[in-house]
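Annotation source TrEMBL lists domain 'MTTase N-terminal' at 5-121. TrEMBL lists Cys14, Cys50, Cys84 with the feature [4Fe-4S] cluster 1 binding site. Annotated domain 'Radical SAM core' per TrEMBL: 145-377, in sequence order. For Cys159, Cys163, Cys166, the entry in TrEMBL reads [4Fe-4S] cluster 2 binding site. The domain 'TRAM' feature in TrEMBL is assigned to 380-441.
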Amino acid sequence: MAGEKKLYIKTYGCQMNVYDSERMAEALGGSGYAEVSSPEEADMILLNTCHIREKAAEKVYSELGRYKDLKIAKPDLKIGVAGCVAQAEGEEIMRRQPMVDLVVGPQSYHRLPELERRAGGGVKALDTEFPEEDKFEKLTARPKAKRAPAAFLTVQEGCDKFCAFCVVPYTRGAEVSRPVDRIFREAEDLVERGVREITLLGQNVNAYHGEGSDGTWGLARLIRRLAEIDGLKRIRFTTSHPNDMDDDLIAAHGDCEKLMPYLHLPVQSGSDRILKAMNRKHTAAEYIRLIERMREVRPDIALSGDFITGFPGETDADFEDTMALVREVKYASAFSFKYSPRPGTPAAEKGDKMVDPAVATERLYRLQELITAQQREFQNAMVGREVSVLIERAGRMPGQMVGKSEHLHAVYVTDTVAVGDMVRVAITESATNSLGGRVIR
Ligand code: 5AD
Ligand code: SF4
């Protein structure tokens, strides 16, 4: 019976982990678990972890430390670790944290119900294999449960790019694309359950090459097919690699109305020397040219990116190239990180000269200051304009409702609207991280 036992899931890292956590909750729903919002009331705690930077990975151990007392008070409590830390450090987690009953890597989530049955009472269960079968096909959803209006849908997983700094090719494995018909069925099911906006997910989503009715399909064709679903209003995708932005995908931003004008396109650095050392296989000029082409087909597109400061060997001049690239592109938002050596990656193993951490931090702050200013400028420019908003939830203030614009801005309104409504909003104000406006009837 569903709802007898209580499950608490804590999710770290990327949106793919959010998607995976939803699937794991659904799978464990079949084992009688219902989700709760605090670890104190749980019969099972599951951490879905991230290994992308050292800080992210460390959080797992400190979080586990906090559960020690809970486990002592309730010895039947099952504690599980999933995600990329589980994949990379499964055995070590079991050794360092004896209270962990279960470790499951991202490619084995369909085996979670069985692992859950096996684990506990001193018995440990660990699965960090890369099995052949399609895990998503086996992670069955609870029938027809209503969903929030915006949902994620994983279409592709893993990465073959091997950027020198990145653990993803090791923790998530080689690139695998799901077949078109399965994605289509999942999308139709989501729409039946109330979803209006789908974000297609993949570590390298624009490298998508799934089996279609007549051979292999690319991402643009998949998007155009999904756009035929009536109740689906919006499509997004993330994360992309510049080298996989093919002509069809660029064109889709101009002619597919349901594809939103927002593109997350990481470049990492503006220095050709560093890009080469990072094994990115493109230059700064090629990236800029790509951005220009995107703007030719969709002039109002919101651009986002990822940056790393302090990659081994990065000089002041290299960093200035990054600043110059950011100034030229003008981002709507961007994420920047200080380089963190990851075990097993070429950059960490090569032993190139590390940038002084204080210098890397100083560069990070300067870059973030520039990005924040650009973000504010892009957002402020929305004031006085009309945007379309998909209402997602109630806001913090009474009577307030909040949703997302085409450009992924959070928009607050105080008009009477319901979750799932698509409304036109006249933007009247721009706050720190959101816009406010009036619904146009
Ligand atoms: N150190 C710092 N940042 C990293 N990223 C990936 N690996 C590392 C690392 N070792 C950043 C990249 C990537 C984003 C998801 O995380 O910018 O695009
Ligand atoms: Fe990591 Fe590069 Fe693959 Fe992105 S493209 S997941 S940064 S290896």
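Glycine residues also receive a Cβ, built from the backbone N, Cα and C atoms like all the rest.
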Query - Integer Cα-Cα distance in angstrom, Cys166 ([4Fe-4S] cluster 2 binding site) to Cys14 ([4Fe-4S] cluster 1 binding site) - result: 14
Report summary line: Result for ligand 1 contact check over binding-site residues Cys14, Cys84, Cys159, Cys166 with Cβ cutoff under 6 A is Cys166
Query raised in the report: Including all protein chains displayed, how many Cβ atoms other than that of Cys159 ([4Fe-4S] cluster 2 binding site) lie within 10 Å of its Cβ?
Result: 23
**Report entry** Sequence-distant neighbours of Cys50 ([4Fe-4S] cluster 1 binding site) in its chain (C-beta under 8 A, six or more apart)
**Finding:** Tyr12, Gly13, Cys14, Asn17, Ala56, Ala57, Gly83, Cys84, Val85
Query raised in the report: What are the other residues, in sequence order, whose C-beta lies within 8 angstroms of the center of the C-beta atoms of Cys159, Cys163, Cys166 at the [4Fe-4S] cluster 2 site?
Result: Lys161, Phe162, Phe165, Val167, Val168, Pro169, Gln203
Query raised in the report: What binding-site residues among Cys50, Cys84, Cys159, Cys166 have a C-beta sitting less than 6 Å from any atom of ligand 2?
Result: Cys159, Cys166
**Report entry** Residue, out of the binding-site residues Cys84, Cys163, Cys166, whose Cβ gathers the largest set of other Cβ atoms within 10 Å
**Finding:** Cys84
